[in-house]
Amino acid sequence: MSFFNISRRFYSQIVKKSVKIKRMSVEDIKKARAAVPFNREQLESVLRGRFFYAPAFDLYGGVSGLYDYGPPGCAFQNNIIDAWRKHFILEEDMLEVDCTMLTPYEVLKTSGHVDKFSDWMCRDLKTGEIFRADHLVEEVLEARLKGDQEARGLVEDANAAAKDDAEKKKRKKKVKQIKAVKLDDDVVKEYEEILAKIDGYSGPELGELMEKYDIGNPVTGETLESPRAFNLMFETAIGPSGQLKGYLRPETAQGQFLNFNKLLEFNNSKTPFASASIGKSFRNEISPRAGLLRVREFLMAEIEHFVDPLDKSHPKFNEIKDIKLSFLPRDVQEAGSTEPIVKTVGEAVASRMVDNETLGYFIARIYQFLMKIGVDESKLRFRQHMANEMAHYAADCWDGELKTSYGWIECVGCADRSAYDLTVHSKKTKEKLVVRQKLDNPIEVTKWEIDLTKKLFGPKFRKDAPKVESHLLNMSQDDLASKAELLKANGKFTIKVDGVDGEVELDDKLVKIEQRTKVEHVREYVPSVIEPSFGIGRIIYSVFEHSFWNRPEDNARSVLSFPPLVAPTKVLLVPLSNHKDLVPVTTEVAKILRKSQIPFKIDDSGVSIGKRYARNDELGTPFGVTIDFESAKDHSVTLRERDSTKQVRGSVENVIKAIRDITYNGASWEEGTKDLTPFIAQAEAEAETD
């Protein structure tokens with residue numbers, strides 16, 4: 001009997017045993033994922049064991065909020081960024097820029113970040129321990145609700161649950177003993193309403209909650225100082241003199257705004273248009289926690305869509321208007337509820353729950369992107385910011401929030417920044433950041449205008465004359481109208497000018513303000529900005545959780561069910577053994593995969609195929625290609641699908657085509673493998689003829 005016949009018989013015996021393994025349908029997979037409860041510790045063990053990421057500077061004890069990505073984590077992040085770039089930049093014809101991370105003080109002072117980019121912190125005056133106020137209130141009230149549940153007999157041991165939760169969250173502080181105390185129903189309702197709105201409280205309001213509900217140091221019970229603002233930006237000095245103060249950027253947006261005129265010119269002065277930027281940003285978090293979810297250095301992908309403030313329609317809105325999403329609008333939250341409303345995007349915009357078509361369009365596109373990269377649709381909602389929760393620059397904002405074992409996490413923001421940024425930078429630099437639209441039909445426009453008697457400015461205001469003049473020439477129409485009334489009534493008015501001490505008085509000899517009607521052939525306006533902003537690290541971690549499950553037949557066998565598009569490695573190439581006759585085929589298949597630019601790994605270790613597949617299931621590798629002794633004979637290989645463990649067989653060329661179609665062309669497993677032969681049936685037939 002020839003070597004190949006012996007090998008064939010040997011392989012068939014292996015396959016006969018493998019026939020007993022259940023091949024799973026899509027429904028089977030869903031049931032299997034639901035059958036085994038999610039275990040965060042097990043996920044983190046897999047992620048760190050397979051070096052998706054690890055604490056930075058671990059040998060030196062690490063630094064809270066800083067992480068390094070290993071090879072699979074780096075590849076996964078790159079694949080998500082590549083998908084993002086194609087989904088947004090290429091599809092929407094956006095203009096990509098890469099701006100510096102170092103930002104001068106004046107830029108961020110003008111944008112409002114120096115004064116307003118803060119979280120609320122409170123300090124234990126005895127120990128010096130610092131807490132983030134909203135997190136502290138949330139943690140204490142949640143603990144009291146758990147104690148109430150134990151007192152009512154709804155849970156067996158609230159302390160065990162709390163300790164388990166603290167361990168999972170890797171908190172270094174101890175968990176104060178939770179007392180099983182039954183709360184009044186009204187108090188329970190109050191706590192639940194507070195927790196539903198926890199992101200919307202100001203510092204003074206958090207202080208009032210801490211005082212009202214006797215919230216102090218959760219370990220010692222000591223009273224804490226009142227919450228105070230802590231600016232989250234990392235300060236630095238630019239240059240050797242140390243005179244030029246700067247910051248590591250807290251967002252990529254400012255670089256895009258400051259390059260607006262160049263971008264508009266590059267786009268042949270056509271609007272609307274969008275710029276985009278992908279890069280690192282930095283925030284000096286008060287209490288980094290929850291792994292990749294709250295860190296001090298993170299990757300962002302941001303879009304600035306510049307649009308006419310009088311026309312926020314979108315030409316492609318009809319393409320997405322029928323998409324149904326879960327919305328959590330402001331009024332629902334104000335009522336103390338967290339139950340989302342399911343509506344189509346078209347209905348949300350028509351009812352003005354979502355302000356305009358462009359904002360609605362990008363919310364829908366965010367949804368489509370998140371679905372593409374592996375987010376669980378049932379764990380996605382769009383929550384509207386409360387009025388006092390919005391960033392200082394935002395007119396409206398919706399967060400794409402993903403549910404994880406840590407709760408609902410803000411991963412994407414979609415804000416209408418109105419014309420705030422361009423307006424403040426234009427006012428500060430005296431450089432117009434506007435769109436000039438040629439009008440088909442000239443229009444008559446009546447405006448307030450101010451005339452200055454400049455020859456009197458120098459003697460009266462001396463060195464401050466340029467500042468006063470600049471302030472007057474940049475006054476809004478409303479300001480000019482009010483000053484005109486004062487000038488008419490009193491013959492004078494006063495103003496406050498940046499950089500000038502006290503109030504500046506001007507009379508009718510120095511200025512004249514009147515309405516004038518002109519015919520305009522060009523409309524000049526500051527565009528509004530719709531900004532989708534993605535926290536890539538938070539999205540990555542959420543996809544980790546949404547993709548993780550254990551096989552019901554063996555809970556120790558973990559799987560990361562990444563979509564093939566974003567999986568770090570697409571193919572595990574598995575020679576059946578280290579026999580020299582399999583080397584040429586393995587080399588040939590590797591060469592074709594490399595030429596096809598399909599990321600792969602060869603595992604020719606001596607362990608069983610099952611173990612090799614299992615450890616790559618933990619890496620999220622969607623396909624396994626097995627090279628056996630039949631492959632050496634007829635150049636056919638077996639293709640295995642990760643989640644269902646289904647296997648098919650065909651020529652090397654057809655198998656690689658199937659991998660490419662499923663990974664990059666959006667084909668399903670059934671569509672991609674329709675020309676391949678189910679492996680088990682073939683193997684059984686072979687076994688019977690031997």
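Note that Cβ sites are derived from N, Cα and C of the backbone, with glycine treated the same way.
Listed in Swiss-Prot:
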type: TRANSIT; residues: 1-24; note: transit peptide
type: MOD_RES; residues: S25; note: N-acetylserine
type: MOD_RES; residues: S226; note: phosphoserine
type: BINDING; residues: E251, E302, E531, P532, S533; note: glycine binding site
type: BINDING; residues: R283, N284, E285, R294, V295, E410, C411, R538; note: ATP binding site
type: MOD_RES; residues: S476; note: phosphoserine
type: MOD_RES; residues: S528; note: phosphoserine
type: MOD_RES; residues: T689; note: phosphothreonine
Set of same-chain residues at least 6 away whose C-beta sits under 8 angstroms from R538 (ATP binding site): L292, L293, F298, L402, I409, E410, C411
Residues flanking the glycine site, with Cβ no more than 8 Å from the Cβ centroid of E251, E302, E531, P532, S533 and excluding those residues themselves: T252, A253, M300, A301, I303, E304, G413, A415, F534
Inter-residue Cα distance where the pair is S528 (phosphoserine) and R294 (ATP binding site), in Å: 30
Cβ-Cβ distance under 8 Å to E531 (glycine binding site), same chain, at least six residues away: A253, E302, I303, E304, H305, G413, C414, A415, D416, R417
Cβ neighbours within the same chain of E251 (glycine binding site) - under 8 Å, at least six residues apart: S281, M300, E302, S533
For R283 (ATP binding site), the number of other Cβ atoms found within 10 Å of its own Cβ: 22
Between R283 (ATP binding site) and P532 (glycine binding site): CA-CA distance (Å): 19
Distance, V295 (ATP binding site) to S476 (phosphoserine) (CA atoms, angstrom): 41
Candidate with the highest Cβ count within 10 Å, taken from the binding-site residues V295, C411: C411
Pairwise Cα distance for E285 (ATP binding site)/S226 (phosphoserine) [Å, integer]: 19
N284 (ATP binding site) versus S226 (phosphoserine) - Cα distance in angstrom: 20
Fewest other Cβ within 10 angstroms of its own Cβ, chosen from the recorded positions S25, N284: S25
Packing count at S533 (glycine binding site) (other Cβ atoms within 10 Å of its Cβ): 22
Length of the line joining the Cα atoms of the residue listed as 'N-acetylserine' and V295 (ATP binding site), in Å: 39
E285, E410, S476, S528 as recorded positions, winner by CB count within 10 A: S528
For S528 (phosphoserine), the one of R283, N284, V295 that lies nearest, given that the binding-site residues are compared by Cα: R283
